[in-house]
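First up is the structure itself, then whatever we jot down about it.
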């Protein structure tokens, strides 16, 4: 069954109706300062459209990983302030999730008002393994919008989780995909259906174990699989080479060896790396061949030769998916690999390639390195969700919208 979208809901009419929206507002904070408001900005179009159409908008979202109880450091207060700024309208913040304050504020809403509930993960039922407990929370959320309410799923970053505000609540209300979720489904569908070739995938990040499923799913389907980041050193160890103090998953060495043998024509790995004598922004660093990593040193970025080789592959591709940085881009000394690969993808996009940045650290790197976001065809808001989609897994939050 086709997923109903926000347009379907707006066409049906929302004036005077309460609409519960599950947004992804899980932004990085430094104290109470938001360091990257990307997800808030991406969530705004759905909320704005509903408010302007006269809906009483009730937003639920999480921030960080609180332990199922209120924790001031994970309060959505800074998010509410930023959301109000982005929407250009007042955003109320409830003092609880589904308690007395949330109920009172929900009942007092007028057409076009926006209410943000406090961090949904302050309630242990949100992430409970017990479906009955999750359903109780979902029913409490439904009580806030009433019998005439609707549910809009717009948090793509959480659709791979069977959680109360993502899955159970969609079973209890007429449900729709928000602008963001609808766009993500279409974009990732384009990558899985018939991607234009050559199709290149760039995977980085720290652990092979985190990316193994997507490597195994994509390696048989793509023309080129570029591997960098911390996980690369396990592949290096699989070739019998010394990695010094670099990150290495001993338990994954045999797996990496098998992948390199099976997909020798597909997998491309760095030939040179930037190494450091310690994990710090001002560490002593040098560029070496991957054959020459000395004891006591660690690889923190791919080297310039590898950047040039990967750039040649990427600029000739017609479809590119990128997930995971090439190095520790947070440290300026070790950001060149990530920046170089990103710039090659931007160049490919300028030549007509279809490029998708798979959320998470990659999206953060684009913003932190000052790269133009519109240089890519699409920047996903869901790292884990986009990977699981490409692995071919069923995403509970999408499956329930189809029901």
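The backbone N, Cα and C atoms fix where each Cβ goes, and this holds for glycine too.
These numbers come from a predicted model, not from an experiment.
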Candidate sharing the substrate site with 24, 25, 26, 39, 62, 63, 64, 65, 121 (per Swiss-Prot), from 89, 161, 197, 308: 161
Distance in Å spanning the most remote Cα pair of 24, 25, 26, 39, 62, 63, 64, 65, 121, 161, given for substrate: 18
Fewest other C-beta atoms within 10 angstroms, as judged across 64, 299, 360, which are the binding-site residues: 64
Those binding-site residues of 211, 299, 360, 361, 362 having Cα within 10 angstroms of residue 24 (substrate binding site): none
Residue 360 (ATP binding site) versus binding-site residues 26, 62, 64, 121 - nearest by Cα: 26
Residue 330 (ATP binding site), number of other Cβ atoms within 10 Å: 14
Of 26, 362 (the binding-site residues), the residue whose Cβ has the fewest other Cβ atoms within 10 Å: 26
Densest Cβ neighbourhood among 24, 361 (binding-site residues), 10 Å radius: 24
